[in-house]
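Enquirer: As annotated in TrEMBL:
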type     : residues         : note
BINDING  : H22, R48, E338   : substrate binding site
DOMAIN   : 165-261          : domain 'Mandelate racemase/muconate lactonizing enzyme C-terminal'
BINDING  : D214, E240, E268 : Mg(2+) binding site
SITE     : D291             : site 'Increases basicity of active site His'
ACT_SITE : H318             : active site, proton acceptor
SITE     : E338             : site 'Transition state stabilizer'
Amino acid sequence: MPMPTITAVRAFTVRGGGADYHDQGDGHWIDGQIATPMSRYPEYRAKRSSFGLNVLGTLVVEVEASDGTVGFAVTTGGEIGCFVVERHLARFLVGRPVTEIERMWDQMYAASQFYGRKGVVLNTISGVDLALWDLLAKVRGEPVYQLLGGAVRDELVFYATGPRPDLAKKMGFIGGKMPLKHGPAEREEGLRANVAALAAMRDAVGDDFWLMYDCWMALDLDYATRLAIAGREHGLKWIEECLSPDDYWGYAALRKAVPAGMLVTTGEHEATRWGFRLLLEMGCCDIIQPDVGWCGGLTELIKISALADAHACPVIPHGSSVYSYHFVATRPNSPFAEFLMMAPEADRVVPMFHPLLLDEPLPEGGRLKVSALDRPGFGVRLNPDCALHRPYPAA
Ligand SMILES: C[C@H](O)[C@H](O)CC(=O)C(=O)O
Ligand SMILES: [Mg+2]
């Protein structure tokens, strides 16, 4: 049966939240003091925006088909992403049938290998890939999760990321992952403060609620090991992204050094099946956390997940709202999902990609029925009130 072909590819950027969820206004918890690889420089410690955490902005990719259907997706990538899409990647899409996602992915990756492979180029390929899945699912009139093989569960259960696991517990989430505040440059005093914050939160939530620490690449092996050992007493379930994403050897050593039963997790800044192959084969972690908007998109996440399954390693995707939910619904080895608390005080559930997307389904009581995803494509719309900027329109 002849399928529509792709007739146009457009790339836009937009500021203020959206897929670059770090691009928030003053006073938001996500831009407070959180340990980062830049925390060793005191002048970049108090706010993550001080070193440029929100420098990229959101990338919006639209793909239009010959029958008039438009698919779209959002990720982090901003103006650089727009350039890569419109001046380079679009050529591999225009004129192709909407079904040929695998071939388009392979051409985008192979053609950009000389300057890509990870980082913003893979964010960009992910954005294009997700827009292609949205388009194909809309052309077929089905939700994306049905194209992925259908749901393996009726509802998703979530843990919450943010500074208030005590409030997340009241909202019905199964656990809370806190941002670590102090890094190694703040020495023993900082370490004691990190452990004290965990202990206080444990007192607030009781024994059975999961508590985790997100260390956002800020630590070294020695500090991470000491934090894990001290955290065990307070029921720290996992310790996340402690080291540089390039330090596979450090992660392998950390996994051996943490107390029995504590999980080492990482992968939100890793990309492609080859990056995750290193994490898995080197025994770096107990859970991988690819971000579907950064790791290469759904086409790549399917491969990463299969590889992880063969290593008995669960896949709990990082954030990414609907783009994760449609995937998690379909994989036996993704037993729960992350919800990032994007309210400035983490005191209520708000859409992760607010204000950019309309119709983003929200967990209620820490759960989301898969039937809430039953709309064509990823089931979301762009908010017409958000001012999109198209810096590199095709000539
Ligand atoms: C809170 C973390 O520093 C980061 O902003 C989000 C993240 O790493 C996660 O959700 O995981
Ligand atoms: Mg994280």
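Glycine is treated like the rest: Cβ placed from N, Cα and C.
Where the annotation comes from TrEMBL, it is an automatic prediction and has not been curated.
Keep in mind that this is a model prediction, so the values were computed, not measured.
Could you place these features in context, so I can see how deep they sit and what lies close by?
Expert: Residue environment of R48 (substrate binding site) contains 22 other Cβ atoms, counted within 10 Å of its Cβ in all protein chains.
DSSP classifies E240 (Mg(2+) binding site) as strand under the three-state reduction. Cβ neighbour count for E240 (Mg(2+) binding site): 25 (other Cβ atoms within 10 Å of its Cβ, all protein chains included).
Under DSSP, D291 (site 'Increases basicity of active site His') is assigned to coil, being neither helix nor strand in the three-state scheme.
H318 (active site, proton acceptor) carries neither a helix nor a strand DSSP state and counts as coil.
Of all the Cβ atoms in the protein chains shown, 23 others lie within 10 Å of the Cβ of E338 (substrate binding site).
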Enquirer: Measure the Cβ-based neighbour count of D291 (site 'Increases basicity of active site His'), defined as the other Cβ atoms within 10 Å of its Cβ.
Expert: 25
Enquirer: Which recorded positions out of R48, D214, E240, E268, D291, E338 lie by ligand 2, going by a Cβ under 6 Å?
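Expert: D214, E240, E268, by Cβ distance under 6 Å.
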Enquirer: Using DSSP and collapsing to three states, where does R48 (substrate binding site) fall: helix, strand or coil?
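Expert: Reduced to three states, the DSSP call for R48 (substrate binding site) is helix.
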Enquirer: Based on DSSP, name the secondary structure state of D214 (Mg(2+) binding site): helix, strand or coil.
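Expert: Looking at the DSSP assignment, D214 (Mg(2+) binding site) belongs to a strand.
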Enquirer: Please list, in sequence order, the residues in the chain of E268 (Mg(2+) binding site) that are at least six apart in sequence and whose C-beta is under 8 Å away from its C-beta.
Expert: E241, Q289, P290, D291, W294, H318, G319
